[in-house]
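Undergrad: One structure follows; several queries about it will come next.
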Amino acid sequence: MSIEKLKAALPEYAKDIKLNLSSITRSSVLDQEQLWGTLLASAAATRNPQVLADIGAEATDHLSAAARHAALGAAAIMGMNNVFYRGRGFLEGRYDDLRPGLRMNIIANPGIPKANFELWSFAVSAINGCSHCLVAHEHTLRTVGVDREAIFEALKAAAIVSGVAQALATIEALSPS
């Protein structure tokens, strides 16, 4: 299992992250598609090749091809949107009257239940640090009936995956060349 490979790669100082990674993969708050889509989208958002490869390999056992496509699509479209909306937000409303003019069709037609795509977009927005998108996706999730516990679990999953990526990047940076 690739999650096991990630856990084995984590150093002793990241023991808490290792334990959290074990716990989140056994989550009963999210269904399997929600959980593994969140983990996969979050892994893509970290931009860490090892994290994406290992989580991606295991996610294949839990996600349909459509869900895998949508999770990776959520990471890609949020990579664009998070930069745009976070940047526009820094400009104190001076550009809010202008139409973005960016294609975002996957948001309207993700090929999976809309709530799951929103959950994955929410998780990626947390990793990418876009408060505008995070709030907007949380509002949509609450509007379509996703409970607070599921939203919070997705936030935890994103945080854990981000922590795994940070720990592995630290190991790589400190390794002798």
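Glycine too: its Cβ is placed from the backbone N, Cα and C atoms.
Swiss-Prot lists Cys130-Cys133 with the feature disulfide bond. What Swiss-Prot lists as active site, proton donor is Cys130. Here Swiss-Prot flags Cys133 as active site, cysteine sulfenic acid (-SOH) intermediate, drawing on experimental evidence.
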Undergrad: Return the residues near Cys130 (disulfide bond) by Cβ distance under 8 Å, restricted to its own chain and a separation of at least 6 in sequence.
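TA: Listed in sequence order, they are Met78, Asn81, Asn82, Val83, Tyr85, Arg86.
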Undergrad: For Cys133 (disulfide bond), name the DSSP secondary structure in the helix/strand/coil scheme.
TA: helix
Undergrad: Would you mind listing, in sequence order, the residues at least six apart from Cys133 (disulfide bond) in the same chain with a Cβ closer than 8 Å to its Cβ?
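TA: Expected: Met78, Asn81, Asn82, Tyr85, Arg86, Ser121, Ser125.
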